[in-house]
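A.B. asks: Before I ask anything, let me first share the structure, which is written out below as structure tokens.
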Amino acid sequence: MQASTHLIKGNLEVKISKRRDLPCFREFKERKSTLTRNLCIRRGSICSGLSSGAVSMGAELARARDNVETVARSLIKFRSVKGGDVEDLAPINPHETSTGTVLPFVGVACLGAILFGYHLGVVNGALDYLSKDLGIAQNAVMQGWVVSTLLAAAAVGSFTGGALADKFGRTRTFQLDAIPLIIGAVLTAIAQNVQTMIIGRLLAGIGIGITSAIVPLYISEISPTDIRGALGSVNQLFICIGILAALVAGLPLSRSPVWWRGMFGLAVIPSILLALGMTYSPESPRWLFQQGKISEAEKSIGTLYGKERVPEVMYELRTAGQGSTEPEAGWIDLFSKRYWKVVSVGSALFFFQQFAGINAVVYYSTAVFRSAGIASDVAASALVGASNVFGTVIASSLMDRQGRKSLLITSFSGMGASMLLLSLSFTWKVLAPYSGILAVVGTVLYVLSFSLGAGPVPALLLPEIFASRIRAKAVALSLCMHWISNFVIGLYFLSVVDKFGISVVYLVFAAVCLLAVLFMAGNVVETKGRSLEEIELALNPTT
């Protein structure tokens, strides 16, 4: 019996022999040895070798093994850093997942994503009608301000969202964010002049800028590692749903021209639900741990994953160690040698996302579809929106199997090929008889390719690759790049098209997609299947 017991211990020691110099595994050995001694005291028949029958000895041995394995399961799945990458150890229990209590809170956070999409899309169908009511039907400049004020304000909101999330926590920031979202929706709904409308759009823009930063941040920090990709991509899915909701909300406009006020007013409902839902949602355990609120972090972990996983997750947080040894980073730290490379990758992802032409395609899709004989603006928008939703659903199922990096490369490759097809459909005379069909096919393929990776992955990947002490601010900085790029594209796209032609512009977008593929192949790390703490140790091995 002693030989059998030693055999179990030997097998466990073989699994960790390559990592026995790490402090965490020294602790593992000490805990294992202590447990073994306790087992010997409690189960003297095993250690003394007393004969109690083969069945009895087998049962005792099984119980001893189960106790040792329980300790092992409570420890983090450690991995070593090698050449800037992560080398996997076999997971102790790869099939153990706890998602039942996480999903409702992810759903509450995604109300912010719905508002993101809804406020982006609501003005498109309503612009002509509100312009007549507010007296700016002949003033293209003021109409442009009504549209673009939201984007400029969102850049400000995303930049401040990180600081608010660090100071007040994720859930409280959601609640604070509901204030400008509600006021902005009300002002735009009751506006009697363009000044009130612009103020309302300004407040709504600040609100969706903040949500664009904290929704992916919160989801990534509360999601179990093995399904974090799928849950993170839900953010993009709900943005698409929000855009479609704005489209559907605009259908009654043909019968009631004043319905545009109701369209803007509807945004109040999810804003209130978001504030109420976050009252009952647990705070991010990682943020609580970093604030030194250990008991609250343990309570949050129990709510999210179950009480049985509290020791495991707390051990994982302690292993990362940064929350307890370093203060939260300041803005200047983002540009330090230690973090600048990873921060620049985050900003580049959103730069490529926007300058690869997604908004330009959406803006120009109606004209493209009309050239193919599809005269209905609603039908054109619905086809683009449905393609976006369909691709995002596919991406959700692939995120944790194919990985983030491979989806990004596949996505930008498909976008580049689609842009090339769109460009050629406008210029090659041999394709002239099929130009309308090719334009529609190219647009749909582009949107599908975008939704497979370039759309959902950046917002998911950034909270994963940023260290805990810079995560909120770095995400906010990257989202600021998103909104600035979006604003520039929206402001200058039509002017550039008028000067150079749509074919040349689409060709430039195709070149940007190619540059994006090369950049991501050399600079983006794969994060699937790794906890946030493991990723942090991999990218910052000296911390």
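These residue numbers are counts, starting from 1, taken along the chain as shown.
Even glycines carry a Cβ here, placed using N, Cα and C.
Copied straight from TrEMBL:
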TRANSMEM  102-122  transmembrane segment
DOMAIN    105-528  domain 'Major facilitator superfamily (MFS) profile'
TRANSMEM  142-164  transmembrane segment
TRANSMEM  198-219  transmembrane segment
TRANSMEM  231-253  transmembrane segment
TRANSMEM  259-280  transmembrane segment
TRANSMEM  342-366  transmembrane segment
TRANSMEM  407-428  transmembrane segment
TRANSMEM  434-462  transmembrane segment
TRANSMEM  474-494  transmembrane segment
TRANSMEM  500-521  transmembrane segment
A.B. asks: Report, as numbers and ranges, every residue of the chain located at least six residues beyond the transmembrane segment (231-253) whose Cβ falls under 8 Å of a Cβ in that stretch; write 'none' if there are none.
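C.D. replies: Contacts with the transmembrane segment (231-253): 102-103, 106, 109-111, 113-122, 124-126, 129, 215-216, 219-220, 223, 259-260, 262-263, 266, 378, 381-382, 385-386, 388-389, 392-393, 395-396, 399, 451, 455-457, 459-460, 463.
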A.B. asks: Under a Cβ pair cut-off of under 8 Å, which of the recorded stretches 142-164, 198-219, 342-366 contacts the transmembrane segment (102-122) most often?
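C.D. replies: Result: 198-219.
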A.B. asks: Near the transmembrane segment (142-164), which same-chain residues lie under 8 Å Cβ to Cβ, leaving out any that are not at least 6 residues past its ends?
C.D. replies: 119-120, 123, 127, 130-131, 136, 173, 176-177, 180, 194, 197-198, 201-214, 217, 472-477, 479-480, 482-484, 486-487, 490-491
A.B. asks: With pairs 6 or more apart in sequence, are the transmembrane segment (342-366) and the transmembrane segment (198-219) linked by at least 3 Cβ pairs under 8 Å?
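C.D. replies: With fewer than 3 qualifying Cβ pairs, these stretches do not touch.
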A.B. asks: Would the transmembrane segment (198-219) count as touching the transmembrane segment (474-494), i.e. at least 3 C-beta pairs under 8 angstroms with sequence separation of 6+?
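C.D. replies: Taking Cβ pairs at least 6 residues apart, the transmembrane segment (198-219) and the transmembrane segment (474-494) are in contact, with 3 or more under 8 Å.
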A.B. asks: By Cβ distance under 8 Å, which residues at least 6 away from the ends of the transmembrane segment (198-219) in the same chain are close to it?
C.D. replies: 106, 109-110, 112-113, 115-116, 119-120, 123, 145-146, 149-162, 164-165, 170-171, 173-174, 177-181, 183-189, 191, 231-232, 234-235, 264, 267, 271, 284, 459-460, 462-463, 471-472, 475-476, 479, 482-483
A.B. asks: Let me know the model's mean pLDDT on the domain 'Major facilitator superfamily (MFS) profile' (105-528).
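C.D. replies: Averaged over the domain 'Major facilitator superfamily (MFS) profile' (105-528), per-residue pLDDT gives 85.
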A.B. asks: Given a Cβ distance threshold of under 8 angstroms, which distant residues of the chain, six or more beyond its ends, lie next to the transmembrane segment (434-462)?
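C.D. replies: 212, 215-216, 220, 228-229, 232-233, 235-237, 240, 346, 349-350, 352-353, 356-358, 361-362, 365, 368-369, 371-374, 383-384, 387-392, 394-396, 398-399, 404, 407-415, 417-419, 421-422, 424-426, 474-475, 478, 482, 516, 524, 527.
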